[in-house]
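**Student:** Below are the structure tokens for one structure; questions will follow.
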Amino acid sequence: MPMDAREIEELIRAALPDASVTIRDLAGDGDHYAATVVSETFRGKSRVQQHQIVYQALKGQMGGQLHALALQTSAGPIAQQDATKGM
Amino acid sequence: MSARDQIASAIAENDVVLFMKGTPQFPQCGFSGQVVQILDYLGAPYKGVNVLASDEMRQGIKEFSNWPTIPQLYVKGEFVGGCDIIREMFQAGELQSHLKEAGVELKQTA
């Protein structure tokens, strides 16, 4: 049973409450999506670690029910006051 | 030899290993094909391992790396990433430097 975009977004948000999540359905078959996830949790982590955090949020659906999720992750810009603090 | 041992020895015996669906000559999945194209474009010598050869291999590699999808690229024993990460690194020029730093000779860089 394929997954729908809202379900993917909810799972990611549950694990990353601060995340901004955008999901694009690539094929309309519930199996091929692209997702962009921005979260402070990713700061300082490698790309592999960032993607693993998202895969864990999807509770084993990745590679099973969800065949393809083109993933782009980032920690986003450093928040303004943190930037000045670091001067 | 168990699937796990086959995986470990392929990684130990080759500087660059691509666990993929199909073979470099005949990729059987778009994502695997994309990484093959990138490695061929860079002229990076690599060993392709077809995980479709056995279910144990296909499942074993996911457990080995704690990564749920195929393809998976290893350089000097280290898991570098799947299709998204390899494409992102290639576009940023990071894959070229990562391979060079690992002592992998590239025939041509982008």
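Using the three backbone atoms N, Cα and C, a Cβ is placed for every residue, glycine included.
Just so you know, TrEMBL annotations are computer predictions that nobody has curated.
Copied straight from TrEMBL:
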type	residues	note
BINDING	B:CYS29	[2Fe-2S] cluster binding site
DOMAIN	B:16-80	domain 'Glutaredoxin'
**Student:** Under DSSP, the domain 'Glutaredoxin' (B:16-80) has how many residues in helix, strand and coil?
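**Tutor:** Per DSSP, the residues of the domain 'Glutaredoxin' (B:16-80) fall into 27 helix, 18 strand, 20 coil.
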**Student:** Long-range same-chain neighbours of the residue listed as '[2Fe-2S] cluster binding site', Cβ under 8 Å, sequence gap at least 6?
**Tutor:** B:MET20, B:LYS21, B:GLY22, B:ILE70, B:PRO71
